[in-house]
Structures are given as structure tokens and as C-alpha cells.
């Protein structure tokens, strides 16, 4: 995987969004999804007074980005952790509050480009999809062992796949003949089980199923449900958070957490809203910001990206 091909998504916009919080000496910024370190490298370069704490559950990503960030010495602390472990990580490092948090959700370029990880549907590979290959169950195990109703639920909930029942009927029929192990067989099965009209819309017909399996294998949405509120809680007043998501389920979750923080919690009808009911957050984006057409032309993986940001303006009510 050549690092030159790794283009961080909406990089300048993320830096601009976090910038007002990161100019003070000693500011701490957390990259919750280190990946190959593109965003982290830019943060350390643009904000020379800042310290970085970076998390990733993928040991190979930590190794590669560790080489990339080595020139920054002890300004960068890399941690093998899932991003909902952020409170524990900050606790261990003795960092009570941070000034910036960045999430770039979804699969890193490296995971997509390394065939044997099984994330990509465009090439044949073992059906693994674990971001941390030292733990958990693989996509093949989900396909081979989950009850049919559970796989239907996963494809509908996480892949928004309208043809889930058709696909799962085919999966169950095929797994009885021989367990699934490789992605090409699954891609072919999906293609064969979809009606013509469904194949004409929205890119590769396997895309939604692969997304759903990846989310299930890595527990992505449940992790995110814990991680975004934890990240907001870790922000000092004036601190900022930027989140890049890549499908509507993630984006909706981020939107809900930010909207709740930016709303007053006062009972209706109060003439003056007491401090404890005032919003904790200020939204930095109107809706979700999208990548420019120029960026999508340069980096097609940016196409589905949605960026939301918020700033902490008050402490939580006691």
C-alpha cells in the first residue's frame, strides 16, 4: 500500500473547523480513527504547539502510521484502542480534557487496498472484515452461523438493503452446500439473487451487503453510539469536534448527539432559561457538509462523505 495514494477526505475543511481550538500551546487533539495517519500528520504540521493522541483498533494501521508520524517525536501518542475506549485512554494518559476531536469513520484506504482483509467487493478475498484481526468474529462466521432472520435484520438495518430476504434465502441455501469463505462467491450470489431493476441502481449490487456485514463484524454503530457522547464529554469549553461519516446511519447518529447538545433542556414556558438548561454545544455546520466536486474527482472515496462539527460552549450541568 503506497502511502502517496492515501488521500485524507475533506482534509482542509477538517483542519479549518478544528483550528480555532488548537492554536494555544499545549492543546491536545484526538484523532479517534488514525488509519494511515493522513489527518494526524496534517494536524501536527499545521498546529506546531499541539499534542496528538491517536487511536486505532488495527495494529497494522498503527505500525504504518507510527513510521509516518515518527518525525513528530513525543508530540504524537499512538494507542491501540477502539474509539469508544476514549475515556479510559485519556484517563491512562492523565489528560482530563482535550481541545479537539476528529473522527473519520468507515474503512481506511489501507484496509480496502489490502485484498486479504476482505473489505472490498471488487476483488476475491477471505471474508474477514475485522478491523482488529486479533479479536471478534469474521464476516464468514456471520454468514455461516447466524440465523436467517438475524442476517435479514442486519442487511436491512445496516445496509438499508431492500432485497435482504432474497439475498438471505440464497445465502442459507448456499451455506448448507458449503460454508462461505471468500468474497467472490458472495458477490456472485448477490448478483444472481437480485431482480434486474435492483441491479441498475447505486453501483455494485454487493455494496450494501458488504457494508452491513462490516458494521456487524466490528460493532460499528454501537461503538459510535458510545463514542460520540464520550468525545463531546472530553472536550474543554471552546473545544471542537469534527466527524466524517460515510453512510446515513452514522450521519444520523452524529446529528442526533450534536442536536441534543445544542438544544436547551429547559421545561417549556420559562421566561428566562437558567444556566443549567442552556445548550452545551454550538453547531459548526448547517446540516452536513459535502465534499466538493473537485475533491470527488481526485478521490472517489470521498464521494459519500458527510462532515458535521460542533463546539463546546458550556460545561455539562451538575
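These residue numbers are counts, starting from 1, taken along the chain as shown.
Using N, Cα and C of the backbone, Cβ positions are placed for all residues, glycine too.
Here Swiss-Prot gives region 'Disordered' for one range in the set 267-292, 293-318: that range is 293-318. For the region 'Disordered' (293-318), the list of distant contacts is 7, 9-10, 13-14, 17, 21, 109, 112, 232-233, 235-247, 251, 254-255, 258, 261-262, 265, 275-285: same-chain residues at least six beyond its ends, Cβ to Cβ under 8 Å.
When secondary structure is read from DSSP and collapsed to three states, residue 56 (S-adenosyl-L-methionine binding site) falls in the strand class.
Sequence-distant contacts of residue 83 (S-adenosyl-L-methionine binding site), defined as residues of its own chain at least six apart whose C-beta falls under 8 angstroms from its C-beta, comprise 32, 33, 55, 103, 223, 224, 227, 231. Within 10 Å of the C-beta of residue 56 (S-adenosyl-L-methionine binding site) we count 28 further C-beta atoms, all protein chains included. Its Cβ placed at the centre, residue 104 (S-adenosyl-L-methionine binding site) has 25 other Cβ atoms within 10 Å.
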